């Protein structure tokens, strides 16, 4: 029988992925098309056209148009030359350019190492995604500007929706294979983009002022008399008052001849993450959100059961068993109060936190359900043709290929950081405020470095059985904690209590419920952002990681230095991944607190112990 050729599925041995949202199938193209269309590994900006070809307009010889016989020699005089007029933004032609983020070494750096493992199961992603802005709006000025702002300022490049670009950084640490971490790298951002459309999420910057008044999108300040100007990047950097907090001392190595333990690594760090800022309302579609959330909760109950019959997603509506949307609890409390005139939907809304929760749980559900429908590894099935699962007459319909052809029982941890700005000015500009949202599952980590103090600020906690919050969450449903020979608590043999995949442990509560934090970043308040896998945080403390970054000249060099140092001082180096992102205070990263000298002696001791063959015995 003749079988028609189908080019798209055969173009790659990794077939396309089928995702569903609310029982509606969304077919994605091949992996190559996904890379080009679904994720942008670049950011868009405006630069002067003269920067592209600075010498294209120059010509040899005199620049005047007079005949050569009219030119006269220059005669020196006591008069000073006239000052050249400033080049305003409106007089320069601007060109939109795409800059690959992974090539912008002064703004972003990444480094991966497989350590002593035969394969590297880590993955990462960096770029921009098409979602509405979620940054906190800048306060409106009360000074009227008759001209409506400075017309000479150039317009910065935005995303297709008209908002400033939203940057996306993620690190994924796979275990048992790279199928799950690769799936998250290629598809997690598409779940997030799709969920924002399903929840009808609107931009947090869509409130504009009246004509002649500044709006929250305006980067310029009001200057009624022309004397007031916005603070420049240098002024914001100079305004940061560096100091050493009380009680902060240099970290000392253990005294020789004693059994003093070294400082705790990042995975054992008990420092509480920074508090989260309140959510920002971005959607009024409460009923539609409850329908989507209820459908997903029902799917988990039917597929897995166990823990998911009673689990309470943090940002889901209370009507579907969640803990409530951003302001739902406050609204319900006021509605039940006496003499309350608040309507049902008054002040209640949905923020990006709810969308992130839905996207994480939906991605995990699709991955696990795809593995359930697969068979165990079969040598006979491995010899079948690549297009054996193609459906004749329906080339858009394929089998469930998420995670490979065979059933995958492993999983992956995940930490992503989203950065949104209220103005078109990029988040790494010293005078630009921004909003950072971290969504985290497992034991990968996200760190910030405070410009004023130089201290590491963790945004995530390690989801291990030893964490009190995790122990409380799981002991309500199962008591399967065990302690291995190294003294570490485990649940069903796993060190992580939250992860994508791990289908065998879903019933006892190993879920992908994200830990979400919103951080408002003031101009030049933080120097840089670091995302690391447990191959780095398992051997170095948070402050050591931050201090290594301070000594590097660029984020790209910093990422390489952190990964190299972590694998060098570890006797059994795991897969290690480091992402370093420049923030507004980068130029003063080494001035706050003790600088990079606070852990210098400790890092030298670790390197000496690693190079001492007798010390390993």
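Here the Cβ of each residue, glycine as well, is placed from N, Cα and C on the backbone.
These come from TrEMBL:
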type     : residues : note
COMPBIAS : 68-77    : compositional bias 'Basic and acidic residues'
COMPBIAS : 217-226  : compositional bias 'Basic and acidic residues'
COMPBIAS : 253-264  : compositional bias 'Pro residues'
COMPBIAS : 600-609  : compositional bias 'Basic and acidic residues'
DOMAIN   : 107-583  : domain 'PPM-type phosphatase'
REGION   : 50-90    : region 'Disordered'
REGION   : 138-162  : region 'Disordered'
REGION   : 208-230  : region 'Disordered'
REGION   : 245-284  : region 'Disordered'
REGION   : 592-617  : region 'Disordered'
DSSP helix/strand/coil residue counts for the compositional bias 'Basic and acidic residues' (600-609):
10 helix, 0 strand, 0 coil
Looking only at the domain 'PPM-type phosphatase' (107-583), report the model's average pLDDT.
82
Taking DSSP states H, G and I as helix and E and B as strand, how many residues of the compositional bias 'Pro residues' (253-264) are helix, strand and coil?
0 helix, 0 strand, 12 coil
